[in-house]
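Novice: Sharing a structure with you now.
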Amino acid sequence: MRTLKRFGAESVAFVLATAIFLVPFALMLLTAVKDPKQAIDLDFAWPTSWPVVENLVAVVEARDYVLLRAYVNSTIITVASVALLVVFAAMAAFVLQRRPGKVARLADFLVLSGLIIPPAVVPTIWLLQALGLFKTLPGMILAEVAFNLSFAMLLFRAFIAAIPRELDEAAQIDGCSGLRLFFRVIFPLLRPVTITVILVSSVNIFNDFVNPLYLLPGDDNATVQVTLYNFQSQYNTQWNLLFMDIVLIMIPPLVLFVFFNRKIVAGMTAGAVKG
Amino acid sequence: MTKQETGPRTGPGPAPGHARPSVRRKSAYPYALYLPAGIVFLVIFLVPTVMAFYFALTRWTLFDSEFVGLQNFQDFLAEQNLRIGFQNTIVYAVVTSGLKVVLGLLLGVLLTSKLRLRGFLRSVVFFPTLVSTVAVGITFAMLLKPQTGLVNQALALVGVDGRDWLGDATTALLSVALVDVWKGVGLATVIYIAGIMSIPQEYYQAVAVDGGGAWHRFRHVTLPLSWPATYSVIILSFIGGLRSFDLIWTMTRGGPGFTSDTIASIIYKQYQAGFFGLSTAGNVILFLVVTAIAVPLNYYLGKRQVAA
């Protein structure tokens, strides 16, 4: 009787969670493979025809292959900024955690302000323009690094706190300090949290819509999120293509998720909860 | 965060001055390691933030600026939709972070229990956090359409008359907030899962010895001891809610009228219209609002965290 009740409760949980969290994805997928006429209905009817390849080709070819350019741009931005972010944040978090004092207090304050303060977007445009970096990928990359530093440092710092200082001292006796101590001894130990930072920030940066909207306007510099506006206009929306586009740009985060599911959760919580 | 400040000093680390106090050796932790992060942060983040305070006082075209004093603030504050935008920003942040705390905690408790489908459910709940906000916004705008949308069709099945969720001034903002919760509750849940899992089992055993039931366990162990998780969830989602722009922009563009405008969407509209000084003034106001709320909140929650 008891197991039966439990089974019932679990089924309810399963059905509810599926309905609430997966139904929207089912709609995206179904609409993406329908023909334009059927796609307008936006319902769960089974597709009468399966123009999967046609839709795919149409999305890729739209606006002179903007999606492909966007994919390249988004990939460059994501990979480059995450690489810089990991190294910069880990280095800074290491000194911050290990060397208390006035400088650490200032750094602490800056990390906190980076978390709290909304970036001043228009002055950022002005600054990037002065540096010749407005509407360029390097400018966008540096901006993503700056905007994501605080969170990455928080995660790294919590993790570094758990690494015993004796290790540093042993390395110092062997003549290792500063940069070498960090890259030879500490950085390799940070692997679990590094994976988390890579996953969280690459999903964040790849999915970023607001910053490219301000800092990287123009078709040449389109990022994948911005392409979602290609198939929507005030009068006419090509639903099947729009949702095919959504599905296509969901793939990279999805792949990361499938492969690193457990690690995302494990590493993220290690840092976030200690806050 | 306030807690960390006292951490290193009370900790059993080496005495200040390191190794041999007589020889002033170079520290093993050179400040140079701060440099790359520091430079990027200073140049790309701090300089614009500080300059914003100046440009907010000017009529500005990016190339020249003419000092106009507090005119922009007057204009921005005189804008009739600002009052709504201000209110909306607060309501949005409170509703989203409140629901994320409550639902995240419940889901966290559920998904750390001995459920067989635990792994699957965890993935399902976390999944939406990986999808871009814009894609989520577009999809839900479809689901919430008055006649054709699935939400209303489902409601009709149980005999409830749905409405035009996003087109109706009274429900637009709340509908967007609920979608935000749908997307973000996975992260809150994960944070709670970790918080709950780090509670030592002895506490639960103690409750069992005293003959306490499930409610007792939740009320007297899980709830108070997952406080650090609550703190993280509140801070993260509250600040996120105050700044939130992309979901609102994709789903309603601040409409109908200005009824779902937030400070961030007003800033974008002014920017689009070419009023850079005005837009920056909006940013300064957002900055002040966020700071005025986040700093005391962080302080208060941090204090409770130490006490708990």
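Backbone N, Cα and C atoms are what each Cβ position is placed from, and that goes for glycine too.
Bear in mind that TrEMBL entries carry predicted annotations, made automatically and left uncurated.
Because the structure is a prediction, the values reported are computed rather than measured.
Below, the features straight out of TrEMBL:
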type	residues	note
TRANSMEM	A:12-33	transmembrane segment
DOMAIN	A:71-260	domain 'ABC transmembrane type-1'
TRANSMEM	A:76-97	transmembrane segment
TRANSMEM	A:109-128	transmembrane segment
TRANSMEM	A:140-160	transmembrane segment
TRANSMEM	A:181-206	transmembrane segment
TRANSMEM	A:239-260	transmembrane segment
Novice: Within this structure, do the transmembrane segment (A:76-97) and the transmembrane segment (A:181-206) have 3 or more Cβ pairs under 8 angstroms, counting pairs 6 or more apart in sequence?
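Specialist: Judged by the Cβ rule, the two regions touch, with the required three close pairs present.
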Novice: Under 8 Å between C-beta atoms and at least six residues away from its ends: which parts of the chain pack against the transmembrane segment (A:12-33)?
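Specialist: Beyond its ends, the transmembrane segment (A:12-33) has Cβ neighbours at 39, 42, 44, 46-47, 50-52, 55, 239-240, 243-244, 246-247, 250.
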Novice: So what's near the transmembrane segment (A:239-260) in sequence-distant terms, Cβ-Cβ under 8 Å and 6+ beyond its ends?
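Specialist: Hits for the transmembrane segment (A:239-260): 27-29, 31-36, 39-40, 42, 51, 55-56, 58-59, 62, 67, 195, 199, 202-203, 206-207, 224-225, 227-228, 230-232.
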